[in-house]
Structures are given as C-alpha cells and as structure tokens.
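*Asks:* The structure that follows is given in the form of structure tokens.
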C-alpha cells in the first residue's frame, strides 16, 4: 500500500563512516543539516601534501556513493612564507548605501479623467518606451472610476530614459484634462517601508485619511486573522472576506490561495474574475494561486490555460509557478511534462531551490526512474542546495516502489547521519517497504523500534501492517492490529475500511462485517466512513 512522498539518489558503495560520537539534534526537524564529520577523519592542512579526496565529497552527502566521484582538481599553489608573515590588511568595508525608494523608470501621472481605463493610459504612454506596468488607483466608493492619478512604470534597459521623455509631456492635454507628469519620488514606497518598520517595532498604530479607510483596514485585518486561526471554517472565511468594503489585490490573492489549497478551482476562478471585473490587474502571485487551484484539482489543462493567460499579459512564470506545475504533473503521473517544465525553469530562472528539485525527483520516483532521480539529487547537491528531510522520504518511497531494500536502508541511515531524527514518516517508509516485499516480521521489528523511540503509530502505519498480514493470509494478526488501532482511538479511513472488507472477502466470512461496523460506530468512526466503488464491489462478493 502506497504512502507518503519522498526524496532522491543513493547507492550502497563507498559510504562514509558514521560519526563515532553522539550527534546533537536540533528540535527543528525540518531544518537542513549536514552530517557531522568524525574527528578521526579531520586532518591538518598541509599545502605541500594536499589531500587527494574529492572536493565535492563534503557536500554530496546523499549522492556521493551512487557513482564514482569526479577527478580531484590540481593542487593549490603553495603560499610563500613572506605572504604568511606579512599578510595584507583587509580593505575596510564600504559605507552602507542609503535605501533607495524610487523605483527605476516610474513616473507619477495626475489629473486623469476619473472615467479613464488602464488601456487608454497604456496606449498613450507606451510611445516613450516599453511599459512594465500601469498602477491605476481606483476609487474606494465606485470601482468603475479611478482616483484621478496613476503610476506608470517603464521596463527594459532604457527605463529611466523612457521615463524622462514622458516627463517632458507634463501639461499635455489628455481627453480634456491637462496632465501632471513628473518623476516619482518614492514617497509611496517610503511610507509603506516606514509603516512596516513601525509594525516590526511593535507600534502598529496607523493614521487613516478617513473613517472609511480605517473600517476597511479593520475588515482586512479581521479577514487575515480568520484565515490564520480558522482555516477549516470556510463559512467564517467567506463572510470575513465579503465584509471588506474594498478588497485589494492582496486580499483577493489570499482568497484565491484559500480555494487553491482546497482544490476548489471553480470558486478560485470566480474570485479571480471578480477581482478583474473591478479593474484590479492580476500579478504573478494571484495567477500562481489560480494555477495552484487547478493543479490541486488535477486539472492540468486548466492550469496550462492559466499559464497561457499569464504569457498573454506579459507576466513571467516564477519559481513557485514552475514548482506547482511540476508537482501537478507528478500527481497525474505525467513525468514527461514535469521534466519539460523543469528544463524550462532551468533555462529561464537564474537559480532553483530544494522545493522544485523535490517535486521533479518525486515525479521520477513515482514512475520508478530511480537512476534519473539519483542524477537530480547529485545535481542539486553540486549546486549547494541542501536536501530537506522530505527528499529523503521521497527517495525511500521510490526505492520501495521498485523493491530495492538495500538502497532504501542506506537512505534511512543517511537521514540519521545528517542529524534528522526519524519521524513516523521515516519509519512508515520502512514498514511500507517490508510489507510490500513480504517481510512482515521485519516490519514488526521496525514498528517496535519506532515505539521504543517514543513515536506513536498513525492510521497509515497501521494500515500497512494490516495489509501486509492480509497478503500473507494471516487474518488473525491483521484483525488484532485493527483492534489495537481502534483501542488507540484512531479513526479508520476509506482505504483501511476497504482493506478490511477485502479480508472478509478472502475469508468468505460475511457475519463479521456487521460486528466490525458496530465497533467502528461505538468508537465514533463508523458513521464518518463513506463507501468507495471498490468497497461496494467487495460487498457484492460477500453477498454472493
């Protein structure tokens, strides 16, 4: 039975020795760590006799044993004795530059007609150079009208020159109004920076231009608080959002993100369109959340249509967008599409992170392409990107899928050497491995080791053990573990329920099902279970 997701790339040969002293473990298990090098492996530097070890071996902790290391570089030049005796004085650090608030290529345009739309502004000011964005400030009472001013931002290498040419048209007539055009002094961004600084210092008092602005700000804060404290109460979240008199693009983005995490692509799209109907332009953050909604719903065609919308509006895909696309294609097991977007991200982005590598490695692990997964882990580590604990789990799961016991154990040992305390997910990977290859006694040993470490079972680890015994036709132990699970207060899900029904089918015992269902209801679990199509088919087998 499948479980969890996990990281990538290892080989049993030439493992480095484990530390001979206790490893101090940080309580922050999600933090990235390197294995501690034993003191007996640390040698003093000698420029005359440079070490012959691979210079990358200190960082390739996960993948260094999968393939032979590259040849060592030539020895470094020997420093002269004079340079050691008379070292050069380090240069004094340069003085700190004052923070620049003015955005490159940005101008202020005032005295606009209040009915004007963004398209008209773009068409007029694009004659001076390529535009990056136009921020049209909307009226808080009538969304169809603006406040009479906007900010025009030019892009490209000649952004400042384009802005200077536009400023020369100060006083020009535009749709019956005399425009005020001047270089933006950065006062708007400076005010925001000062406000953030006051908030960080604990002084969150703000001065509002009117009571309406204060009420709008209070409603926005309430909405954000509900999102943080009551994310499962969707009615409270929706009511808090609707109570905002004038939601900004930030609030709309948060609402689209809320629907995206739930996989509700329809409400995410309707919120997105509502935002655009009010004249608020979408940015990469809002578009990425919309792509996420389709990806979680496993509608990658819809996700790609959102990507086409982004490109049509000249919005570049970000690292997060690529990562979401790769994860979405991984979930539907389209490894080729995931690999294509990963290669595109490498071409267009300056740097990648551990998340996008973990997603593409997960795709190959699910497809059983462990050699490619190992290559990706090596590539990631050669770039100095540390492997998070989830990547170890992904690799363990990948080796479980191809029933590679030895390498799965190597990854588990590496995980501990890197200072990560094994979690229920780590032990669950081993239990899943042994139940899949038919070594249930070893799975029980892992279970006892996990319990001795103070880690309790969850319903997934119980499900693996139960499924392992059922595969061996050992129904007594399977039902014993199921009773233990109910005693522990864990609620079986539809997957486990189907496993138990399958066991009854193999036994030909239909009388036990009502008893089991009654016990589940007594534990407060049975009424929450829903039959799947497979469980109905199993029940038909029982009745026939």
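Backbone N, Cα and C define each Cβ position, glycine as well.
Remember, it's a predicted structure, so these values are computed and weren't measured experimentally.
I grabbed these lines from TrEMBL:
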- 1-100: region 'Disordered' (REGION)
- 55-66: compositional bias 'Low complexity' (COMPBIAS)
- 67-78: compositional bias 'Pro residues' (COMPBIAS)
- 81-91: compositional bias 'Basic and acidic residues' (COMPBIAS)
- 105-186: domain 'RRM' (DOMAIN)
- 248-282: repeat 'PPR' (REPEAT)
- 283-317: repeat 'PPR' (REPEAT)
- 353-387: repeat 'PPR' (REPEAT)
- 388-422: repeat 'PPR' (REPEAT)
- 423-457: repeat 'PPR' (REPEAT)
- 458-492: repeat 'PPR' (REPEAT)
- 493-527: repeat 'PPR' (REPEAT)
*Asks:* Which residue counts does DSSP yield for the repeat 'PPR' (388-422) in the helix, strand and coil classes, in that order?
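*Replies:* The repeat 'PPR' (388-422) comes out at 26 helix, 0 strand, 9 coil.
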*Asks:* Residue counts in helix (H, G, I), strand (E, B) and coil for the domain 'RRM' (105-186), per DSSP?
*Replies:* 20 helix, 30 strand, 32 coil
*Asks:* What does the DSSP secondary structure composition of the repeat 'PPR' (458-492) look like, as residue counts for helix, strand and coil?
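*Replies:* Taking each residue of the repeat 'PPR' (458-492) in turn, the totals are 26 helix, 0 strand, 9 coil.
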*Asks:* In this predicted model, what is the average pLDDT of the repeat 'PPR' (458-492)?
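*Replies:* Mean pLDDT for the repeat 'PPR' (458-492): 88.
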*Asks:* What counts of helix, strand and coil residues does DSSP assign across the repeat 'PPR' (423-457)?
*Replies:* 26 helix, 0 strand, 9 coil
